[in-house]
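According to TrEMBL:
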type	residues	note
TRANSMEM	25-45	transmembrane segment
TRANSMEM	52-70	transmembrane segment
TRANSMEM	101-120	transmembrane segment
TRANSMEM	164-191	transmembrane segment
TRANSMEM	222-240	transmembrane segment
TRANSMEM	277-296	transmembrane segment
TRANSMEM	302-318	transmembrane segment
């Protein structure tokens, strides 16, 4: 009897360990099974690559959001930043007819936008929520004013080469899929193999303890926002390439919510101190799978925001329950 009780305890502890450390994998597999049941053709190569293409741009933003949330902060300016930079990126492209210059502009503008957020948070000592809420409003207003209600459209002579960046493939693998995988690997290595990554988690776990251990907390926070901004700049460049016509009022709309949802269901603690880059990657794919299943089930697209909100709440509740145990 004692042996049986011990065995049950071991099984329970093993399950808790698996469900705790690999919950994002379990959720991903479960959602995948649901998608396959709903549509047996879901696992075709074309559909798989389409999921990556649809989720790549938000996914790149989510990698930056993952660092921000891991450090115990938040960024609400993602969508507006992407819209602003993509619109101006098209202007630069049309003015210079140089894709490399447009690319460098987008990265530079993203870095600058991230740096502004970071400095306002650290030097201005303003809460990240307030800072990014303000820049979200500011950047959207600027791009709307510049657009005057019209789109930012790529010139005809630049359309084909610029569109090929986002629409092209290498050995049947979409460029956008490769971009997402590359940024995931880069960010994963940054967090797992560098002192900076360790500092991010330390800041998110306990800022005071991080300071006492010699970490320059303000510098780390500024670098986090700057790196995230660079990723938003890349996302903006790819969005402009994919659409070739940027609508100021709607471009990037909702990106921040999708990025937060991907980070949350990927296992990153919303309180900071713990994060999983591979979890965020899977979170992006899970959002795409959920979206696809909803379309197959004829759920109105206007309810996508409701579903995203529910996903965030459920993910946070699950994290709270784990802490309670």
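The backbone N, Cα and C atoms fix where each Cβ goes, and this holds for glycine too.
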Q) So which of 25-45, 52-70, 277-296 is most in touch with the transmembrane segment (222-240), counting Cβ pairs under 8 Å? A) 52-70
Q) Is the transmembrane segment (101-120) packed against any residues at least 6 beyond its ends, judged by a Cβ distance under 8 Å, and which are they? A) 64, 75, 77, 81, 84-86, 88-90, 92-93, 126, 128, 131-132, 135, 139, 162, 221-234, 236-237, 240
(Q) Let me spell it out: take the transmembrane segment (25-45), skip the flanking residues so only those 6+ beyond its ends count, and list any with a Cβ under 8 Å from a Cβ in it. (A) 18-19, 172, 265, 282, 285-286, 289-290, 292-293, 296-297
